[in-house]
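**Student:** Below is one structure. I have some questions about it.
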């Protein structure tokens, strides 16, 4: 699996040119991508990056990548991120690492979003992986009940015996809805709930997925079909 992540990372690095301003998401495949960019930076590649998580930022700095503040005016050339699940149409389920809100902000600030993954992340329908939902800690039990009224089973994410705390000082509910037949409708309903900050459904955001398999690298766009 680590070899596939390296393959996807190296393929994605070919998109990065000298002088670019890019977005960096989070997760193990993105971390490998950052390491590849760090190797290129040592060879003279000059780029600037906005990081979606503190872990990504720390790794990027350690690898010699110049981190900049979130852009206020101009768009980033491209953002790179991972995914927990990728369904046809490049519908994504993300947030296993707990950085979904910042990942979505960085993706929205870029001209295009490229997803890095191995073939295990390709699915026919989203939902085998529980849907992360970032929530306000105050009154979280009521928020969980509202989500469960929509048909899900919500579990508070823990770190040891304490709630997991996001970089935004919020909490995460991992919500089991089974197969998500209509991601657009579910995202809209959950996002409307009082106490919900953001969902891990990334819809109509990615323009391409770079997927590594034992047979090589596959470049998947929104209209492409793929075998799961």
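A Cβ is built for glycine as well, from the same backbone N, Cα and C atoms used for every other residue.
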**Student:** Same substrate site as 26, 27, 28, 29, 81, 82, 83, 84, 94, 95, 96, 97 according to Swiss-Prot: which of 121, 130, 161?
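**Tutor:** For the substrate site that includes 26, 27, 28, 29, 81, 82, 83, 84, 94, 95, 96, 97, Swiss-Prot also lists 121.
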**Student:** Give me the non-local Cβ neighbours of residue 83 (substrate binding site): same chain, 6+ apart in sequence, Cβ-Cβ under 8 Å, ordered along the sequence.
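**Tutor:** The answer is 92, 93, 94, 115, 117, 121, 202, 209.
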**Student:** Can you check which residue among the binding-site residues 94, 121 has the largest number of Cβ atoms within 10 Å of its own?
**Tutor:** 94
**Student:** Measuring Cα to Cα, how many Å separate residue 96 (substrate binding site) from residue 103 (active site, proton acceptor)?
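**Tutor:** The Cα atom of residue 96 (substrate binding site) is 11 Å away from the Cα atom of residue 103 (active site, proton acceptor).
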**Student:** Taking the centroid of the Cβ atoms of 26, 27, 28, 29, 81, 82, 83, 84, 94, 95, 96, 97, 121 as the substrate site, which other residues of that chain lie with their Cβ within 8 Å of it, listed in sequence order?
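**Tutor:** The answer, listed by sequence position, is 25, 30, 103.
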